Each structure stands twice: as C-alpha cells, then as structure tokens.
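Straight from TrEMBL, the features:
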- A:16-37: transmembrane segment (TRANSMEM)
- A:44-60: transmembrane segment (TRANSMEM)
- A:72-89: transmembrane segment (TRANSMEM)
- A:101-127: transmembrane segment (TRANSMEM)
- A:174-191: transmembrane segment (TRANSMEM)
- A:219-239: transmembrane segment (TRANSMEM)
- A:305-326: transmembrane segment (TRANSMEM)
- A:338-359: transmembrane segment (TRANSMEM)
- A:371-392: transmembrane segment (TRANSMEM)
Amino acid sequence: MGLGVLKLDDMTESGFFLQGAVFSFLILAGALFEIFFCYQGDPYLLPVVQTILAIGLVFLTRINPALAADQFIWANLGLIIYYAVFLILRDYRKLGEYQYLWGMLALLMLLLTLIFGTTINGATSWFRFAGMGFQPEELVKVALLLFLASYLSDNKELLRFGTIQVGKFSLPDAKTMGPFVFIGVFVLGLLGAQKSLGTALVFFLLMVFILYVATERLLYLVVSVPLVMVTGAAGYILFDHVRVRVATWINPWLDASGGAYQISQSIFAISGGRLLGTGLGNGIGAYQIPNADTDFIFSVIAEEIGFIGAMAVISLFIIVVMRCFCVSTRAVDRFGQILAAGIGILIGVEALIILAGVTKMLPLTGLPLPWMSYGGSSMVGHFLLLGILAGISHSSAFSVSQIPIGKQADAL
Amino acid sequence: MNNGIRKIALIMVFSFVFLSLGLVYWQVVKADEMLDNPANRRAIYLEERITRGGIFDRNGVVLAKTEQTADGKVRTYPQGEMFEPLLGYATVKYGSAGLEATEAETLLGMKNPSILRRIQNAFELQRTGNDLILTLDSRLQETAYQSLQGKTGAVVAIDPQNGDVLALVSQPSYDAGAIEQDWDEIIAEADSPLVNHAFSLFPPGSIMKVVTSAAIFQAGLDTTELYDCEGSTVINGQTIQEQNDKAHGWVNYDLALAYSCNTYFAQYGIKAGVNHFLEAVSNFGFGRDIPFDQYVPISSITRDDPLPENLSLNLFAESTFGQGQVMVSPFHMALITAGVANDGKIMVPHLIDSVLDSKQNSIYRRTPEVWLTPLSKEEAEKITSGMVLAVNKGTASPGAISGAQIAAKTGSAEPGGDGDTHAWYIAFAPAENPEIAVAVLVEHGGTGGGAAAPIAKAVIEKALELKEGEN
C-alpha cells in the first residue's frame with residue numbers, strides 16, 4: 001500500500017521505491033519462510049524484530065530521509081543475512097568447535113580498530129574504507145558470544161563447582177578460568193583504550209550474566225559489583241568525557257545549551273510527547289536532538305507517538321529478549337542454550353543501557369538501539385545473531401519428545 | 001541452568017519496568033515543568049505551526065491578526081500604535097508582551113484542550129488558535145488616543161455598570177507591527193513605550209479625597225458641619241497647605257470636595273481616625289490584587305506595606321489628600337471612579353468580552369460580577385453630589401459638557417523631586433445614571449483641570465455620543 005502511495009506521488013525515482021519493494025518482498029518472504037523451509041522454531045522472533053525494524057525505518061525516514069535510504073539497504077542486507085545464516089548454517093553446533101578462533105578474532109578486530117580506526121564522537125571504534133564507516137565492535141559481539149557460549153558449555157561444571165578451596169568458597173583453577181579472564185580483560189581493555197565505554201559496559205554485563213546463567217553461582221554476580229565500581233571510578237578519573245557525562249547526568253539543567261545539550265534536548269523531547277505524543281512528524285526533537293537518527297531515536301519516538309508508543313516499543317524489546325530466553329530453555333544442547341541466553345542478554349542489555357541513558361536514568365553512553373538506530377554494522381551483527389538463534393530454535397523443535405536423548409545431534 | 005535463565009529474565013523484565021517508570025516520570029509527572037524550562041525552545045517552535053487567533057474590539061474591528069504571506073506568517077496590527085502597549089506584541093525574536101503574552105495560550109488554542117481536542121491536534125499539522133473579542137470600543141479608544149497624543153500618561157474608560165473596559169490608552173506608544181525593526185529605538189525612547197502607564201503606580205493627589213470621603217462618612221462625622229479654611233493648617237508640627245495657599249473660607253463637605261480643600265480632608269480624615277481610613281482604602285482595593293486578565297500592581301498606602309496596620313499622624317494627614325507615600329495606578333483609579341458611579345459597587349473589570357474557537361463557537365463569555373462594595377448607595381450619592389459641585393462650581397469645571405451632567409474630581413499630585421505635578425482627572429457621566437467612568441493621568445502635565453480635564457471631556461462626549469447612536 002505504501003508503495004502504491006509512493007507510485008501515485010511520483011516518487012518512484014527517489015530510491016525509496018526500489019528499496020521499499022525489496023524490503024516488502026523480504027518481509028513477505030519471511031512470512032512464507034516457515035512454509036518453504038519447514039521452519040519449526042520460534043514463530044514470534046522474526047515478526048517482532050521486523051516490527052521493530054519497520055518502526056525504526058519509519059522514524060528514520062521522518063528524521064533523515066537520506067540516511068533512511070541507506071538504512072533500507074542495510075535492513076534488506078540484514079534480512080538476507082538472516083535467511084542466509086539460517087539456510088547455510090544447517091547445524092549451529094559447528095560454530096562451537098572454533099572456540100579460540102572466535103576469541104582471537106574478537107581480540108584481533110578490536111586491536112586493528114584501535115590501531116587503524118577513526119575516532120568519531122570521542123570513541124576510536126570506526127574503520128573507514130572505501131568511504132564507508134564500519135564499527136567492528138558489532139561483529140566482535142558475535143565472535144565474543146560464540147566464544148563465551150562454547151567455552152562455558154565446555155567448562156560449566158568446573159566453573160560451577162570449582163576445584164580449589166579458598167576459605168568457604170570453592171573456586172575454579174587458573175587453567176579453567178584463564179581463557180575467560182584473559183579474553184575478558186583484553187576485550188574490555190581494548191574497548192577502554194578505544195574509549196567505547198558504552199560497549200565496554202555492555203560486554204562486561206554480558207560476560208557476568210552469561211557466566212551466571214551457565215553456572216548459577218551468585219558469587220560471580222556479587223564479585224562483579226565491586227569490579228563495576230572500580231572500573232567506573234577508573235574511567236571517571238581517566239577520561240574527560242566520562243566526567244562530563246556524569247556531571248551532565250547529575251544536573252543537565254546547569255549547562256543545558258553546552259555539555260548537557262544532548263541529554264536535556266532528549267528529556268525535553270520525551271516529556272514533550274506526554275501520553276499520546278505530538279503525532280508523527282509533529283515533534284521538535286527530530287531537529288533539535290543531536291544524533292536523533294542513532295543513539296537518540298527513542299527520544300524522537302517517545303515525543304511523536306508519546307508514552308503509549310514508547311511503551312509499545314519497549315514491549316517489543318521485552319518480547320524479543322524473553323523469546324530468546326524461551327529458545328534458550330528449550331534448546332537441545334548446552335552450547336545452544338548458553339548461546340541463545342547470551343543473545344537475549346546482549347539485546348536486553350544494549351536496549352536497557354541506551355534507553356536508560358536517553359531517559360537520564362543512567363549516564364549517557366552512545367549505543368545504537370538494536371534494529372532501530374541507523375547503522376549498518378549493528379544491523380548486520382544483530383541479524384547474524386538472529387539467524388543463529390533461528391537455527392537453535394529450529395533444531396529444538398525436533399527434540400526431546402521425539403528423539404531419544406543422546407541422539408539428537410545425529411537426528412539433524 | 002534454566003533456573004539461572006529465569007533469574008536473568010526476571011532481572012531484565014524488572015529493568016524494563018523500571019525504565020517505563022522513567023517514562024512515566026518524564027512524560028506525565030514532569031511534562032509541564034520541562035516545557036517551562038528556559039532551555040526548552042519547544043513552545044516557540046510549536047507556536048510557529050499554529051496560526052495565532054485574531055484580536056477584535058467589541059464591534060468586530062480587527063486589532064491584531066496573523067496573515068499568511070509568501071515568507072511565512074506575519075502578525076499585523078491594523079490600528080497601528082492606538083492599542084499599544086495594551087495589545088503587546090508576539091515575535092520569535094523578542095518574545096511577547098501585553099495581551100499577546102498573557103492570552104497566548106488562548107490565542108494559540110492550547111489552554112485546557114479536551115482529550116478529544118488533543119487527539120485532533122495530534123493529527124492536524126496546521127492549526128488555528130482562538131479569537132479574542134475585547135470589551136474595547138475602537139472609536140472611543142481612538143478619541144482617547146488622539147487626545148492624549150504628544151503627552152505621557154494614560155486614559156482608562158470603564159462601563160461602571162458591568163466593569164467592561166471601553167478604552168485603555170497609554171502614551172508613549174509604539175507600532176507592534178514594526179517591533180522587530182524598531183526594537184532598539186523603542187527601548188531607548190524616554191518614558192518607556194513598552195510599559196503600560198495605565199498599569200503603573202503614581203501618587204494620586206486630590207483624587208484620593210474620594211476615598212477619604214468614605215472614611216469620613218463611615219466614622220459618622222457630620223458632613224454639613226462648616227469648616228473655616230485659612231489656606232493652611234498645622235497638624236502635629238507639619239504644615240498642610242492648600243494649592244497656591246488659597247483660603248477657601250467656610251466650607252462643608254460638598255464644597256470642600258468641590259474646591260479640593262486639603263486642610264478639610266486632613267482635619268476631618270484625622271477626626272475619622274486611622275482605622276476608618278485604612279478600612280476605607282482597603283474596601284476600595286488598596287493592598288489587594290485586582291482580578292484582571294492583565295497584571296496590575298497593587299496600590300499601596302506606604303512604601304513598605306501596601307496596607308499597613310497603622311500610620312504615623314503626619315503620614316496619615318498627607319495620605320488623606322493623596323500625598324505622602326500613597327501610590328495608585330490609573331487603572332485602579334478608574335475602577336474607584338466606576339465604583340462611586342455604580343452606587344458604591346466596583347464591578348470586576350473585564351478586557352475580554354468573549355473567546356471564539358477556530359470554528360467561531362463561543363468558548364468563553366464574561367459575566368458581570370461585583371468585586372468590592374466600598375460604599376453604600378447613600379454614601380456614593382453624597383460623593384457624587386460633591387463631584388457634581390466640583391464640575392459646576394469647583395476645580396473640575398473644565399471638564400463640563402453640554403447636554404449631560406458629569407461628576408468629576410481633579411488631582412495635581414506632587415511627584416516627588418522636581419518637575420510639574422501629575423495632572424489627574426476622574427469623572428463619570430451622566431451623573432444621575434452613569435454610563436461611563438474615566439480616569440486620566442497626564443504625567444507632569446500641571447493641574448488636573450488644565451491638562452487632564454479636556455481629555456476626559458473628549459472621551460466622555462464621545463462615549464455619550466456613541467451610546468446615543470446605539471439607542
């Protein structure tokens with residue numbers, strides 16, 4: 001229908017038409033996907049993500065049509081990647097075999113970015129080649145998740161019960177804990193050196209939560225609290241822009257036209273939306289907030305479709321995260337289980353941190369909202385994960401009830 | 001492991017719920033406060049999308065309207081300077097003032113919209129605000145404006161029976177249509193054209209005797225008693241002088257008001273007592289907020305306290321004839337005059353007759369109501385007879401008109417420091433059945449009879465002529 005309007009408005013030249021057509025086709029393909037490929041996995045994940053994607057595209061078109069044209073390409077590419085990952089990767093368990101490769105790949109990508117990367121908005125997290133910007137850290141997320149999931153599925157018992165007794169606690173030995181700590185420290189260290197502190201926080205929470213999921217040991221959660229405090233304090237002392245962020249978080253109204261411009265404009269936009277919003281296209285925030293197309297897209301949404309619309313978007317994210325956990329509980333093997341939970345944790349943590357940032361509940365950290373903010377790297381990365389998730393979910397469909405335990409792997 | 005997943009899932013859900021509480025905080029609890037934040041330009045940008053409603057006089061004459069031109073919206077004021085600074089201005093650059101500022105929410109249609117209206121607003125990009133119909137009569141306004149032109153001061157004309165403000169002029173004035181080009185000149189000009197002089201405070205001088213009269217009556221003093229005015233008197237070591245030291249000889253209350261005898265009002269005011277005096281001024285609205293759409297400063301008896309508990313004898317003596325530290329606005333003085341005219345009842349003043357929404361449905365209409373009752377009918381009649389005598393035999397005679405009896409009182413107030421006295425003239429007509437009450441102030445104009453009376457006369461003549469035309 002939208003395409004028809006574009007056609008009527010004689011806007012077929014605008015570049016939206018072709019991309020819109022491809023997008024519509026891919027969405028339709030998604031609907032037929034289950035039938036064509038006998039997809040037996042979670043039926044909610046893809047439609048919900050597509051809804052998030054569509055809302056994001058609508059708002060991007062409203063905020064910045066030029067960027068939206070790009071984003072259509074990325075969205076289409078993302079959907080293709082999703083289908084491709086699902087089709088090519090017949091057995092996701094193979095991913096678990098390259099445990100240390102993923103870990104090293106993550107480190108290598110971050111290291112290369114740090115050395116050759118470009119600095120944008122204070123963070124050295126961009127690779128530029130052929131005129132295109134690319135954020136490797138989005139792919140690092142995928143690599144890191146794969147590493148963590150396979151590592152944890154191999155070492156779950158050791159981490160859970162420990163081999164060395166220290167006082168009341170039984171801790172895993174250095175050899176078991178080594179790779180995890182090594183990769184963790186390096187990944188976070190490199191991100192810190194790049195000054196991508198938001199991403200560092202996401203990775204840190206991801207590692208802590210996934211460790212907890214795998215081991216169910218509260219000890220790991222408890223230990224992480226002082227760690228967050230110490231690293232947070234270190235970041236505060238080391239980096240100027242962290243101090244500014246914290247100061248503007250505590251009182252944005254002191255310097256609302258200077259350092260706190262972003263956050264105060266974001267708050268003004270959100271509060272301007274009230275219950276029902278100003279109506280799509282009527283908001284002021286789309287012109288006033290810097291980075292309205294990426295980090296602050298949620299503020300524009302909250303202004304233009306109000307509390308009701310913003311809650312709908314939040315609910316969509318809750319559904320995605322919860323479905324990830326559902327997939328996780330039903331997964332047939334430990335690797336898939338941890339991986340699916342990890343994907344859920346990652347998406348949830350990302351959404352929470354940036355949403356809490358734009359609503360001034362946490363200091364602001366620049367992060368894209370998955371599937372919604374403008375950005376190709378994030379789109380590709382998240383669709384990769386979604387594709388893997390579909391694989392896990394699909395596999396679990398032929399599970400426990402029909403196939404004897406122990407032979408599940410052979411059955412596929 | 002499922003247990004761990006459930007716990008993490010629970011943490012996530014709680015975090016999201018907490019997040020939505022944040023949204024409630026900003027979008028519901030703090031929404032109004034954030035809109036008022038000075039760094040928030042939202043209201044101004046939103047305003048640009050709404051076509052401000054028009055402002056009309058009581059007969060439908062356009063006073064302000066927004067026109068769509070090729071370069072965008074332009075606010076025009078077809079009557080030029082005549083209605084300024086009352087009307088004010090509304091610009092993106094310099095903000096807004098006057099009615100344009102105080103009635104902005106009404107003009108923009110943003111005041112208390114219904115839920116349905118809000119939903120409609122959400123889907124309507126170009127909107128039109130409400131129209132304001134004022135109680136002003138542009139013909140009377142023009143007469144007042146023309147008569148005061150070249151002077152500094154204010155003219156306020158009120159319908160005493162219902163409180164309608166019929167004319168309100170303040171000079172100097174400015175052209176609101178050219179405010180953006182002329183801004184620097186306007187703010188540099190002497191006597192501040194942006195300030196509405198009708199809403200500024202001045203010493204009232206002898207027109208205060210109308211108020212003091214109430215204290216004399218209410219103390220039960222005999223107003224037929226004769227008093228020998230010798231041109232000056234000494235009270236508590238302080239000499240009270242008549243204007244030009246003129247001895248008025250034997251006067252009763254009526255003659256004392258007609259001749260504007262300072263010593264009579266000082267002596268009889270003190271005889272009435274400070275409590276009766278302070279009660280009378282309070283009943284006339286001193287020390288009170290005036291219930292009006294525009295901000296009018298509180299009229300005051302002393303510098304430190306608008307309505308003190310007590311007064312020193314010397315200050316009390318001076319206050320009885322409007323000197324000392326007494327300050328009152330021309331607007332309030334017009335209300336006091338209207339109160340005398342309306343059998344002692346001061347009506348709530350109205351500037352806005354009605355409000356029409358963009359589809360011309362009436363969404364507000366003023367209703368006449370009594371604000372204060374400082375005088376009984378008999379007391380009001382006594383003052384009226386004194387004011388009639390002032391026109392026929394006394395200081396107010398330059399305001400007399402043919403064909404109708406007016407009641408009036410002059411004032412020549414010492415402004416403090418050098419310079420000519422402020423010329424005051426308060427009047428209403430016809431005395432027996434008042435249709436208009438006027439207060440005129442010409443700053444540093446000299447005597448009330450000389451500078452202010454001709455202006456009041458012109459306005460009253462015009463008002464009665466217009467009434468005649470209606471009937």
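The backbone N, Cα and C atoms fix where each Cβ goes, and this holds for glycine too.
A contact links the transmembrane segment (A:371-392) to the transmembrane segment (A:72-89), because at least 3 Cβ pairs that are 6 or more residues apart lie under 8 A. Long-range neighbours of the transmembrane segment (A:16-37) within the same chain, counting only residues 6 or more positions beyond its ends whose Cβ lies under 8 Å from a Cβ of the stretch, are 2-3, 6-7, 43, 46-47, 50, 54, 57, 61, 65, 68-69, 72-73, 75-76, 79-80, 83, 86-87. Within the chain carrying the transmembrane segment (A:305-326), a Cβ under 8 angstroms from the stretch's Cβ atoms is held by residues 42, 44-45, 48-49, 51-52, 55, 270, 273-278, 280, 298, 340-341, 343-345, 347-348, 351, 355, 370, 372, 389, all 6 or more beyond its ends.
Note on the transmembrane segment (A:44-60): residues 23, 27, 30, 33, 67-68, 71-72, 75, 78-79, 82, 280, 293, 297, 300-301, 304, 313, 316-317, 319-320, 323-324, 327, 369-374, 386, 389-390, 393 of its chain, located 6 or more positions outside it, place their CB under 8 angstroms from a CB of the stretch.
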